[in-house]
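Visitor: My questions all concern the structure below.
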Amino acid sequence: FFFFLFGSSRLSPFNQANRERDRAFRPTFLMLRLSSRLRTLAAAAAARTRAAGYRSASTCGKYDYDLFVIGAGSGGVRGSRIAAGHGASVAVADDLDVGLGGTCVNVGCVPKKLFAYGSEAPVEARDAEGLGWDYPKDIKPDWKRLVANKNNEISRLNGIYEKMLKNAGVDVVKARAELKDEHTVSAGGRDYTAAKILIAVGGWPVMPDVPGQEHMISSNEAFYLEKVPERALIIGAGYIAVEFAGIFHGYGAHVDLCIRKDKFLRGFDSDVVAHLDDQMTKQGVNIRRETQVKAVRPIEGKEGWFHADLTTGETVETDLIMAAIGRAPKLDGLGLDKVGVELCPRGFIKVDRYQQTNVESIYALGDCTDTLQLTPVALAEGHCFADTQYGGMERFADLEDVATAVFSHPNIGTVGLTEDQAVAKYGKVKVFKSEFRPLKHTMTSSTERSIMKILVDSKTDRVVGMHMCGAHAGEMMQGFAAAIKMKITKKDLDSVVGIHPTSAEEFVTMRSVAYETGSD
């Protein structure tokens, strides 16, 4: 215990001066360390007292639970688990349409990233030739093995989620849930009452309302295809459409990407989008601009193939049509109208910054609300909700400067404002920009290039946006996101010693202003 409290008694071995300094400093250090230990122990004791209080209240209260959560996706699981950790009695219900963990774990972020990794393999094999390796020229993917391995991994994650919930003391109800009143939920043939109800049902893919819609798939089904398509037609201009264009192309399909306007990834910085557009086009993805599908017809005598009639007057022959035009909140049959929960004009549940709806006992978070539709946002909202309601820590999710990535080929990583947004908010903005060939590709046949961009408020020198399109952009941007959150200035960024040789060091070595835009 003495060692745990005070640490080792060994002094600095460097020299006598250091030893004397250590002796002089050690009493102060020990008192600080003791104070820190006591604060930690006191905080733990307070947490246990709080938890005991909640458990006591829940056992003698008038409800079955302190909290009933509808939806066991990322946000619902996080909110459930943290609330239970604070001592609340919690149950979570999910219809398991996709599985524990929700969209992200089962038919979203996780399997998408795994598929993206796989689609990069043939490119890596080609690049390896310049680095001294020879691979067979006719390598072919085993799509069924990919899907089977993915299924095994997702099943493992489902088990982890269930174990986490049960270890936290959360009751899991594997059934569809519906609101009966502001304190009652019906699920699995019985009613449950709770002091508070949290709705975290997420979203569901929207399909185009055109003849032959039944022949299309969404991203949900894309993860369970029996074979890789020969010719994929993807409809949409967001994350999912762009990412799957790269995935299917990487696995050998000819890909047509139909976008409603002339650019994809609305809301991202225009330079980064233009760069990705150019790279994808060079790779062979056929981007059909200002084009929509108006009808789909099976081809007689060619099972599994379709004619897609386009608004341009053209007809495309394809064996896969995937719609990725957006997602809607999964609210049908939830019973919101019975209890008077208010919706936004776009159909999402309306909440305040503490996730509370207009009905005092009902809260909502994640993709079923009008928030940033990103898994980490739902996680943050769930954690903040639980801390506020059951942990005695009033806080809400800070959604300013949320970083994100697009796992396209190449990746996009971004945090903060785009150039247009920065000018609109700050007036005059300095733009630093670099486009280059990554070191790796100086020895490969690849023509891939990277772009990096920094946006600085001219008045304050604060860095207000950082954007990249290139390999591992998402990995890099997570670190810089912390700097942006701490309101780093360009002077601060310039003071950082780079890691050489890396692409990331380019962000801390851009000294020359490309141009200044906007006005005071």
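Glycine is no exception: its Cβ is also placed from the backbone N, Cα and C atoms.
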Visitor: Cys104 pairs with which of Cys60, Cys109 in a disulfide, per TrEMBL?
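Guide: Of the candidates Cys60, Cys109, the one TrEMBL pairs with Cys104 is Cys109.
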Visitor: Around the NAD(+) site (Gly236, Ala237, Gly238, Tyr239, Ile240, Ala241, Val242, Glu243, Gly326), what further same-chain residues have their C-beta within 8 angstroms of the site's C-beta centre?
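Guide: For the NAD(+) site, the extra neighbours are Phe244, Phe264, Leu265, Ala324.
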Visitor: Once near-sequence residues are set aside, which residues in the chain of Gly236 (NAD(+) binding site), 6 or more away, have Cβ atoms under 8 Å from its Cβ?
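Guide: Leu257, Cys258, Ile259, Ala323, Ala324, Ile325, Gly326 - these are the non-local Cβ neighbours of Gly236 (NAD(+) binding site), listed in sequence order.
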Visitor: Including all protein chains shown, what's the count of other C-beta atoms within 10 A of the C-beta of Gly326 (NAD(+) binding site)?
Guide: 15
Visitor: Tell me which residues of the chain lie with their Cβ under 8 angstroms from that of Ile240 (NAD(+) binding site), as long as they are six or more apart in sequence?
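Guide: Ile240 (NAD(+) binding site) has long-range Cβ partners Lys112, Ser219, Ala324.
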Visitor: Using the residues the record lists for NAD(+) (Gly236, Ala237, Gly238, Tyr239, Ile240, Ala241, Val242, Glu243, Gly326), what whole-number Å value is the largest Cα to Cα distance?
Guide: 14
Visitor: Which residues does Lys113 (FAD binding site) neighbour through Cβ under 8 Å, counting only same-chain ones at least six apart?
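Guide: Those within reach of Lys113 (FAD binding site), by Cβ under 8 Å and sequence separation of 6 or more, are Phe407.
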Visitor: If you count Cβ atoms within 10 Å of each one, which of the recorded positions Cys104, Cys109, Val242 comes out on top?
Guide: Val242
